[in-house]
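Record features (TrEMBL):
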- 1-23: signal peptide (SIGNAL)
- 26-158: domain 'CAND6/7 N-terminal' (DOMAIN)
- 177-418: domain 'GOST seven transmembrane' (DOMAIN)
- 178-196: transmembrane segment (TRANSMEM)
- 208-227: transmembrane segment (TRANSMEM)
- 247-270: transmembrane segment (TRANSMEM)
- 282-301: transmembrane segment (TRANSMEM)
- 313-336: transmembrane segment (TRANSMEM)
- 357-378: transmembrane segment (TRANSMEM)
- 390-409: transmembrane segment (TRANSMEM)
Amino acid sequence: MAKLRSLSLPFLLLFVLLPFSRAEIKNLQIRSDTRSSILFEKFGFNHRGTVSIALSEASFPSADPSMLGFFLLSDESLFQAIYESQNNGSPENYPGPNPSCVLNSPYVKLLFTFTDLSAAGTFNKSYPVTHPDEYSLFFASCAPDTTISMNVHTEMFNIDPDGTKNYLSVGQSAVPTIYTVSAIAYFVFLAAWLYLCLIQNRLTAHRIHYLMSGLLLVRSLYLLSAAEDQHYIRVTGLSHGWDVAFYLFQLLKGVLLFAVIVLIGTGWSFLKPFLQDKEKKVLMVVIPLQVVANIASAVIGETGPFIMNYVTWNQIFLFVDVACCCAVLFPIVWSIRTLRETSKTDGKAARNLAKLTLFRQFYMVVIGYLYFTRIIVYALKTIASYKYRWVSVAAEEAVTLAFYLYMFYMFRPVERNQYFVLDEDEEEAAELALREEEFEL
């Protein structure tokens, strides 16, 4: 029972912290690994699910093959096992010659042990999953200090009503459609923005507006590649090269988004033609951090939780993403403080009040957007039933589109922007407002 307890608690920690990965066809290599447990996949099955596992070149010197094996563990069974282990469950309740081994636990669905391998160290079999739930595929070694090497081929899929295989988890089957609809929306958005910038208001467009056009284009291509990537994985289990485009546009999208937020926050090109040294330093910090964050994201997405440093890569991604979110707020704060101080001396109260109002609103909206897409979306992924994981994707895309619409509308190129060109009659009221309110954050 002690062995089960030592395994179960890390399992629970992994389930809570790790993001939910797609379950495509995977070919993995394990070399000289001494871990007691390895998490391969997490997948939501319907009542017509299948798990297929093929092993080759398996070697485990001097180890008892009955102590090594693969099993499935549902979330429901996990919590039952945790509850029993914390209440001093008796080892006598576990059948088999090694009652403390997790492979003998009544809460796991044992697929096979290494006693079923051929003399050449190979194995190939498919297992039906008829009870709908979210399951995790594990390898477990109950032989301490045993070095394992093997090639593992896994396939996890559901059978749709039309008889075709669906390699996406039950809760992610709608994701390709969500990305496709979002991509169409952004392409329409881009067309409208280009008409506004390059045709209708070409003379009043600034460099920041052309950069914003590039952001919309990259965002559209990112969603298109994400939709194709998920579609091919759903149908064939493989991305057919769309994952390369996905990670490329994800990198460009992240860099451009944070750069645009920083540049708008500084007022670059539409309020001033240059950047101060401290503002340039923010850009020089944010852009490399976004590169690191996207490298970590690619490693997480393409390798999966079976690699030894998976948790470390997750921590790197989380830390870097939080650092970027904090860094982009500084230029907005600096602009607000500069405008507040300038308003006391330059005699343009109405204009400065409008600018202060604009930047203060932008500051709050950026905080709300970052909070929702980092905290609320993660909470939705964690607490939502596996059948409704698509809800977090839909919510993130809806909020992101709303944020883009707000940002592009408020900083659009127009001949008489209500925030920068005001009537003289507003001066006296604006001076009074600036005296009464300090615009503290």
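Every residue, even glycine, has its Cβ placed from backbone N, Cα and C.
The transmembrane segment (178-196) is in contact with the transmembrane segment (390-409), judged by 3+ CB-CB distances under 8 Å for residue pairs 6 or more apart in sequence.
Summed and averaged per residue, pLDDT over the domain 'CAND6/7 N-terminal' (26-158) gives 85. Break the domain 'CAND6/7 N-terminal' (26-158) down by DSSP state and the numbers are 24 helix, 67 strand, 42 coil. When each of 208-227, 247-270, 313-336, 390-409 is scored by its Cβ pairs under 8 Å to the transmembrane segment (282-301), the top-ranked stretch turns out to be 313-336. The list of residues near the transmembrane segment (390-409) in space but at least 6 beyond its ends in sequence, with Cβ under 8 angstroms from a Cβ of it, reads 171-175, 178-179, 182, 185-186, 189, 193, 212, 216, 219, 223, 260-261, 264, 362, 365, 369, 372-373, 376-377, 380-381, 384. Away from its own ends, the transmembrane segment (357-378) comes close to residues 261, 264-265, 321-322, 325, 328-329, 332-333, 335-336, 339, 392, 395-396, 399-400, 403, 406-407, 410, 419, 439, 441 of its chain (Cβ-Cβ under 8 Å, at least six residues beyond either end). Taking Cβ pairs closer than 8 Å, the transmembrane segment (247-270) reaches residues 206-208, 211-212, 214-215, 218-219, 221-222, 225, 276, 279, 282-283, 286-287, 290-291, 293-294, 297-298, 301, 324, 327-332, 334-335, 359, 362-363, 366, 407, 411, 420 in its own chain, all 6 or more past its ends.
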